[in-house]
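Heads up: the structure comes next, in structure tokens.
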Amino acid sequence: YLDHWLGAPAPYPDPLEPRREVCELNPDCDELADHIGFQEAYRRFYGPV
């Protein structure tokens, strides 16, 4: 299977992953993140990362 690795845990957990998921679920934040990066987009919508 080509996607067998998707279920594997990341070797180094990303402490920002929960915030990244919040931003991805907000279409406006997700779109802005594509242009200016996740951390800056999150900050604009939700405050400091």
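Placement of Cβ uses the backbone N, Cα and C atoms for every residue, glycine included.
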Candidate annotated in Swiss-Prot as 4-carboxyglutamate, out of E21, E40: E21
Fewest Cβ neighbours within 10 Å, where candidates are the disulfide-bonded residues C23, C29: C29
Please report the distance from the Cα of E21 (Ca(2+) 2 binding site) to the Cα of D30 (Ca(2+) 3 binding site), rounded to the nearest angstrom. 9
Same chain, 6+ residues apart, C-beta under 8 Å of the C-beta of E24 (Ca(2+) 2 binding site), given in sequence order: D30, A33
Averaged across the domain 'Gla' (1-47), what pLDDT does the model get? Just tell me the whole number, please. 86
